[in-house]
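Enquirer: Would you mind keeping the following structure in view while I ask a few things?
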Ligand SMILES: Nc1ncnc2c1ncn2[C@@H]1O[C@H](COP(=O)(O)OP(=O)(O)OP(=O)(O)O)[C@@H](O)[C@H]1O
Ligand SMILES: [Mg+2]
């Protein structure tokens, strides 16, 4: 067998190069001066779906190439590799015989006159890399959106508490002082009404601020924050709710606490909105460096496959996104007439931070 360093006759060299041409996993396409494909290796046949025979001198390269891709997904013929000699590698949008389009990493070289051909192009399918890149981009963007939303909720919650909340409180104190002054009965009645309205407004502002972002989550951690959410939930919806905590009790990274709190909030609100039930059960357990949370109702249940395909709301989708960003998972079990269980698992390290995360997307 000939090798590059020890090649014998021209015949040996030619059969050696032929063997490379045949066995290369990258697609090789040879083009003549008019732009017709005059030769392809087996990898190219597989990639573009045309046989060497079908192509040979009959199919123009433009039937395979949709253009040179720019950094976005758009392809253009303005920068055609056949005219631009100084673009040795580029990204080509390839179209197969059956019309399927995909991105390919391409490199090209002009062939010498005596070869009888004009150009050789080498192609490698980049669909999988593009899919991975798109998914990564999606994760990064989702992470930014979730972070920004939490920050904004924190800010609005603080502003409501410290701004409108304090102003209403000052009004209540002022009215108490007014109440000590002499006035007629009609005035006193009006004042009492105003006092009641202001107290109610203050309660609403406080509850809105807590709903937006409970300070207990940052100050005391996941379990106390869920405990006080459950109390408010019971008062609002009249649904008996039970919390069971097992295993280690500790603080987790802010990202983990926020994600689990929001998932619990969404699952319980869904139960109140749709399950037609009077009980909800929450169980949190921390064993073997993984935190698990189950939110269960014995209500009407729903067809998970249909709902997830239809994508009627963002709640269930958001739960999965939040857990996936932290290297965890959410399983939704529901049976019509039997109820629903949302089961979240996040693997953790010793410090209570997520174990498997993409460093590009994770924010403690
Ligand atoms: N615990 C549950 N019991 C019964 N049906 C449920 C339950 N949780 C969810 N569903 C069903 O799944 C659907 C999708 O829920 P999801 O939380 O994704 O969206 P949503 O609550 O409709 O809207 P959003 O959460 O965006 O405000 C609901 O519309 C409801 O039909
Ligand atoms: Mg919902």
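In case you wondered, yes, glycine gets a Cβ from its N, Cα and C as well.
All annotation found in TrEMBL is predicted automatically rather than curated by experts.
According to TrEMBL, the protein has these features:
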type: BINDING; residues: 62, 65, 77, 80; note: [4Fe-4S] cluster binding site
type: DOMAIN; residues: 13-58; note: domain 'PAS'
type: DOMAIN; residues: 159-350; note: domain 'Histidine kinase'
type: MOD_RES; residues: 161; note: phosphohistidine
Enquirer: What's the number of neighbouring CB atoms sitting within 10 A of the CB on residue 65 ([4Fe-4S] cluster binding site)?
Expert: 25
Enquirer: In the three-state scheme derived from DSSP, which category covers residue 65 ([4Fe-4S] cluster binding site)?
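Expert: Its secondary structure by DSSP: strand.
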Enquirer: Say we define neighbours as other CB atoms within 10 Å of the CB. Which of the binding-site residues 62, 77, 80 has the fewest?
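Expert: Least crowded of the binding-site residues 62, 77, 80, by Cβ count within 10 Å, is 77.
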Enquirer: Starting from the Cβ centroid of 62, 65, 77, 80, which together make up the recorded [4Fe-4S] cluster site, report each further residue of the same chain whose Cβ lies within 8 Å of that point, ordered by sequence.
Expert: 61, 66, 67, 68, 81, 82
Enquirer: Report, as a single number, how many Cβ atoms besides its own are within 10 Å of the Cβ of the residue listed as 'phosphohistidine'.
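Expert: Total other Cβ atoms inside 10 Å, all chains included: 18.
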Enquirer: Please identify, among the binding-site residues 62, 65, 77, 80, the one with the smallest Cα-Cα distance to residue 161 (phosphohistidine).
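Expert: If we rank 62, 65, 77, 80 by Cα distance to residue 161 (phosphohistidine), first place goes to 77.
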Enquirer: Please spell out the DSSP helix, strand and coil residue counts for the domain 'PAS' (13-58).
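Expert: For that range the per-state counts are 22 helix, 10 strand, 14 coil.
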